[in-house]
Each structure stands twice: as C-alpha cells, then as structure tokens.
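Pulled from TrEMBL, these are the features on record:
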TRANSMEM  28-48  transmembrane segment
TRANSMEM  74-93  transmembrane segment
TRANSMEM  99-119  transmembrane segment
TRANSMEM  126-144  transmembrane segment
TRANSMEM  156-174  transmembrane segment
TRANSMEM  349-366  transmembrane segment
TRANSMEM  396-417  transmembrane segment
TRANSMEM  423-441  transmembrane segment
TRANSMEM  472-496  transmembrane segment
Amino acid sequence: MTSSTGETTGHPLRFFIRAGFDPERFSFAARTAIAAVLALFSAFALGLDHPQWAAMTVFAASQPTRGQLVEKSLFRLVGTVVGAFAGVCLVAFSGGNPMLLVPGLALWIGLSTLSANVLRGFVSYGAILAGYSASMVALLDFAHPDDVMHLGLDRVATIATGIVAALVVGLIMIKRQGENPLHGRIRLLLSRVLQDMAFRLAREVPPKTGELPVLLSELSAIEDALGPNGAGSLRSHRFARAARGLLIAEVEALLWLRSGPSRSWPPAVSEILGRASAALQRSDGEAEARRILAEATAICGADSALGHVLGGLDEALGGYLGQDAGSPGDISSQRQVILHRDFRGAARAGLRSLFAMLLVGSFWVATGWQSGPFMLLGVSIMLTMFSTFENPARMMPIVFSGQCLGVVGALACRFLVWPHATSTFDMVAMMVPFILLGAPISSNRRSMPFGFDYSMVSLLLLKPSLPLTGDFRSWLLTGLAVVLAPAFAFIVYRLVFPVNNARRRDLLIAAMIRELRLIAASDNALEKRQAWRARFYHRLLRLLRYTDASSAAVKASVDMGLAILGLGNLVFRMHEWASDVDGSVRLRRAARLGLARVARIEAEPQRTAEALQRLSRLLEPSVPEVSRTMALAAGDIIAWLGLKADGSRSNR
C-alpha cells in the first residue's frame, strides 16, 4: 500500500525515507565511509605521513558494482604512480622555485586534460589522476625539494592503501552481478527496430512506440552506458565491444527505416522480420532471431540496400552472441567499429587548463600568498576532473557548496575536537565522526550533491600530527583558497572555450564536415569508405547524446546526420566517377569539379551547394541519375545551413 505522495506506508524505513534519505544510496555511502575509516587507520598503522589521503582514495574509488570498482581502482593507482613521478620530476627540475615549478606544472596539467578528453572510460580517469596527483606532490611540500621523493612515495603508498581498503570492503559487500543490465535493453531495442522495419515493408505506419527519435535516443543512451557497464573484466569489455557493433548496425537500419524502401519487396520479407522481432521478445530468442535474419538476408540479396542492412544486423548479432563464447577474436567478423574522438575539443580543454594554471600560478608567485598552493591544487583538480563533463560550469556551484561544508567540518575538527587529543592516534580517532557524517549527507536528497566534496575537502585539510599548527585565521585562509578554486573554475569554464552540449554538438558537426572536406581532397579516398561510414554511425550516436530530448531536437539532429551522410555518399561516388577511365569524359570532369568544390565546403558551403546544383542541371540530359544525386546533395547542404543557422540563434 502506498500513500498519495508515493511513499510506501508499510516500509520498515518509512520514517527514514520520509526524512529524505534514500536507503540504497545510504547503504552505499555507509559502506564507503566504513571503508574510508579502515583505510585511515591502516595508513596510520603503516606510519604513512598523510593517512587522510588513503581515506580520500576510498571516496574517489568506490563504485556500486564490482567491475567498476576493480577497474577504477586499477587506473587510479596507475594514474597516481605516473602523476607522483611527474610531480617528483617537476620539483627536482625547479628546485622548489615557484617561478619554474608553475610553468612546468601548468604544461603537465594541460597535457593531462587533453589526454583525458581524448581517451574514454576509466582510462580517461587515469589521465585525470596523473594530472592532479602531480599537483599534490609538487605543491604540498615544494619548499623542501630534498623530501619530494619521500612525499611521492607516501602519495603512492596511501593511494594503494585506500584502494586495498575499498576493494576489500567493496568485494565483500557488493553482490555479484547476474546478467548485464543492458542486455535486456539491447535485445528489446533490436526487436522494436525489426518490428518497425516489418511495418514499413508492409506499407503500414509504425506505432508510436517505435518512432525514430525514440529509438535513436534509446540507442544513444545505451551506447553511453556501455563504458561503465563494460568495466572490470575482459568478458565485460568483449560485451561492450560486441554490443557497440550491434548498436552501430541498428543505426544503419534506422537510417534505412527513415528513408524507406527504394523498391517493393515480397510480403514474406515483412513476415520474416516480424518473426525475428517476436523471437527477440523472449530472453532466449536471440539465436533464433539470427537464423531468421539470415533467411531474410538471403531473400533480399547482399547487393540491395535492404539486404546490406539486414546482413549488417545478422553479422553484428552473431558477434554479440559470440562474445560470451571465448576470446575477443570471436567477434572479429563484425563490421568495423571506429569511435569518435574529439581532438579539437580536447585541445581546447588542454589550453584552457594551461591558461588557468598559469594565471593562478602567476598570482601566487607575484603575491607570495601562503595559501596559494592550495588554490592552485584545487584549480588543477577542477580543470582536469570536470573537463570531461557535459557542462562543467553548471557543476561548479554544487562543488563550491560541498567544499564549503568540507571546510566547516575541517575547522570544527581542528578547533573544537583536536585540542583535546593527547596523541596522534587520538587525532585519527577523532576524525572518524566527521568521515561517517559523509554518509547521511550523501544519501539525503537535499544534501546528496554536496556529500562527495564535503568528504574530500574535509580530509584534504586534516593532517593528523602533533603539535597542532596554525591559528584559526591561517586555517580559514587555507579553506578560502580551497573553495576559491571552483569559483575561479566557474569563471574559466564560462569564458575560456566555453563548453556545453550545444557547443559539443557544433564541434562534432564541424568535425564531420571537416572529414568530408579532407576526403574530397584525398587521392586515396575510396580506401577510406568503410572507416568513414563506421565513424559516421558512432558520431551520429554522439550527436544525439548532445541533443535535447525533445522529438523536434532529435529530428533536427537526424536530419543533420542524414544530410552529412548523403553528401559523404556523393563524395565517394564522385571519386569513383573521377577515376573511371572507361566512363564519360563529361562525367569525370563534373566529378572532379564537384570534388574541388566540396574540398572548400568549410569555407564556402553556400557556393558548394550552388556548384552542385549547376553540375546537376548540366548532367541532367545525359546522366539523370547522377543529376538527381547531386541535386539531393545540394539540397542537403542547404538544409544543413538552415539547421546550423537555427542552432546558432538558439545558442544565443
């Protein structure tokens, strides 16, 4: 029985839930806090200088599933080792002189940010750790270059201790995962795609649940979830790779679905696809669906557009079914899957970090502010960790609030509790309530966004050692330096190469157009056709990822993608015509003129469309099919320009 507010009135934790706490989230947060306490005492028992870093590692590494926990822990350790080594080298090179240390550290943070934005998944996380781990080693004891090697080793040892604690507690308390949660979504999505194809072939309108924007949005969401769900083992990585291949094949099918069949097909094809869709509704129906797909492919023929699409689905489904059977080589027969990597966006992120680090570092060098290293450390974390987020600027106010809570917690521990300590062990024990406080903060719906930053900043500021040092003013200034980092990062993210979904979408479209320009100007373009199509399909999924969830926005992105696809197909056709020595001289000349114009599409898109229209009219009497292809491509460019203009107005 539930109340009108949706709460479960008979739930044993109903008062806990009514107060705003999420039981599942609280369980995870409490487990993490307990592991952090274990890491803190373990690091202290080992005689490490910064035991609080071990507790911080637990908060950073803990994950809700075993696979994610193991893989994130691995890359955190690798990133820390690389970063600590870089920090030691920077201090050794600079001799502790901030005027030399700041430029070197800024360059390292810039390179780490660039790498994190090019790489994917937990490998990207490792690059982030390599960045700000160097900052921690280089900045927290820069005035004592002779001790920097000891600090670097202490950093690695505390991180390793925290990782072990997180793994021990996590692997004991996290239940083993059964079937991958994405498996059912992938199977049912393919069923819907095949069902809509069957309806289209039968000349029936697909039902509302199978609308193209809905299907494409689900495809994009599943592809985005493959990273974390493919973590932790070779089997999980094989699953992610095979699933991505199947999703790419479904993108091709949906694009065919949008344009519709170019010819009529026997009713048997529609009936066969309907049977395949029905088989996929069952949890054990994939193998049967593949046999049915092979039957449909044989009827259509591999040379037809529909046969090509069905063959791709059959091949990808075979790879998907085979990924549990053995080695990664089992899926080698799949069509090529090439992931989009945003090199231009990554370069901008790297330059943004370089600029911000130089700016804050110069302020520190010029003023000699004692708390300057803490602000520079905070900025390095903000500019590496959040650079991969879809909208980093939007995150900074949340981080700022959480860090303010962390500073308050650290001040309370230092000036209300620690003065009563008689030993370092007492100080460590007195930190426990402040660590455990992170669990309710992280699990209440009102304070949940602030929990992680509260825990990390309070631990960052609390180094248990006697005698106590610093007065309230100096600690307050250090806390101020820490919380100034997200405030400064907010300004940087808003003003220096601003980034959000709309801008990422624009950069992605620009990359797709730029690739077409390069292919048009290439002498060996035909060798790149399969790679281009494979990359295009993944880019279309990323384009949808950066698009608003509304049907109109998804439709606009699909139209944009189809325009680029149509133009790309024409570019390869023109390369074929231009290299056909046995073909029409007039057609070869027209193809070369068209390629020359497309090679300037970035600078002169309108003139490119006009040139293709002129070539279309010129070729209409002799080769009407080619004329229509060029006219369609010209229309696609004009449509793209219209969508681009609409997007620019909406961005303002």
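A Cβ is built for glycine as well, from the same backbone N, Cα and C atoms used for every other residue.
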Determine which recorded stretch among 74-93, 126-144, 349-366, 423-441 has the most C-beta pairs below 8 angstroms with the transmembrane segment (28-48).
423-441
Top stretch among 74-93, 126-144, 349-366, 396-417, 472-496 for CB pairs under 8 A with the transmembrane segment (156-174)?
74-93
Decide whether the stretches the transmembrane segment (126-144) and the transmembrane segment (472-496) have at least 3 CB pairs under 8 angstroms, with pairs required to be 6 or more apart in sequence.
no
